[in-house]
Amino acid sequence: MKQMHNFNAGPCVLPREAVESAIEAIRNFDNTGIGLLEISHRTPGWERIMAETEQLWRELLNIPEEYEVLFLGGGASTQFFHVPANLLNKKAAYLQTGVWAKKAAKEAKFYGDVEIVASSEDKNYTYIPKNFTIPTDADYFHITTNNTIYGTEIRYDMDCPINLVADMSSDIMSRPVDVKKYALIYGGAQKNVGPAGVTFVIVRKDVLGKVERPLQTMVDYRTHIGTEAKNKSMFNTPPVFAIFVMHETLKWVKKMGGVEAMNKRNVEKATLLYNEIDRNSMFVGTAEKEDRSIMNVCFVMADKYKDKEADFMAYAKECGMVGIKGHRSVGGFRASIYNACPLESVQALVKCMQDFEAANK
Ligand SMILES: *Cc1c(COP(=O)(O)O)cnc(C)c1O
């Protein structure tokens, strides 16, 4: 079989060893003779996986005691309304850096006033707005740290005078994060920490229980925190398969040297690819340089070569590139180079761009 290079935006490439141990666990979980998909989530072996997974999160991101780490269903899109349900009393502030951010703000409007502090919609979200003022009378300020579709990223932990909430779906575990600067961090696992099916929520306990509205049992984060450690994130049946693969993925992150090492690797991969985009006369990057994401690299054909787009796509496919078609709202190409994407894949893409230039310029 020809070697494939997986640049899918999500679900995306996983560490090979996480996939291999998932296959084994489906056959025989924890030497029980029974498969992972067929065990009770109340078995001690599973409770150990849950506890270890939380521990890995705490260790890798250095999550302080006063924060809870939850694994829920419903994807990041469900958090778009869980967050305001739990935290919004009167008003929330949102930074609109893409359609995910816009969708998050839309759901918050069911619960109160929403102030869009700044938006980059005027330039199709190709940059991160600067010099905005965060209203101090809002209950929280919501940001999307990595804009998966447009390839822009807020790659630092900002100072915020009110509770800071972040959708980190597509850059969690790609760099060290100062968790203390956030009241709540959430995201779907399928971009950088596992397969689809599990959503992570890291929440500082003291922000909960402050809203006046009654909450449905499943919407209230406190339900999932529970009163006993062994029941955490197990109020109802947890997505065991997705959590298991996340556990294996985080073990790999740890083995590779943790989030510092991931950051170094990711910067190296992104630099290599952006350098080629900037050097190669046939391509141009779509995001403002200073806001470029290290996770999703978006580029299009240069004006002069617009008619070559289909040719490059076909050539890239021939070279084993998978998932590089850009999102329909940006066009062109997008290479998602998450943690588990190997440097060799980025090198192969760069070579493919160079060879295409040599043959077509
Ligand atoms: C993919 C994505 C989402 C949506 O995640 P689901 O888990 O599919 O609901 C939300 N925010 C960002 C930044 C994303 O990349």
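Glycine is no exception: its Cβ is also placed from the backbone N, Cα and C atoms.
For the pyridoxal 5'-phosphate site, TrEMBL records A76, S77, W100, T148, Q190, N236, T237, and the single candidate of D122, D167, D206 listed with them is D167. Taken in sequence order, the binding-site residues A76, N236, T237 that lie near ligand 1, meaning a CB under 6 Å from one of its atoms, are A76. Neighbour counts of Cβ atoms within 10 Å were taken for the recorded positions R42, K191; the minimum is at R42. Here the binding residues for pyridoxal 5'-phosphate are A76, S77, W100, T148, D167, Q190, N236, T237. Their largest Cα to Cα distance works out to 30 Å. Residue density at W100 (pyridoxal 5'-phosphate binding site): 22 other Cβ atoms are found within 10 A of its Cβ, drawing on all protein chains shown.
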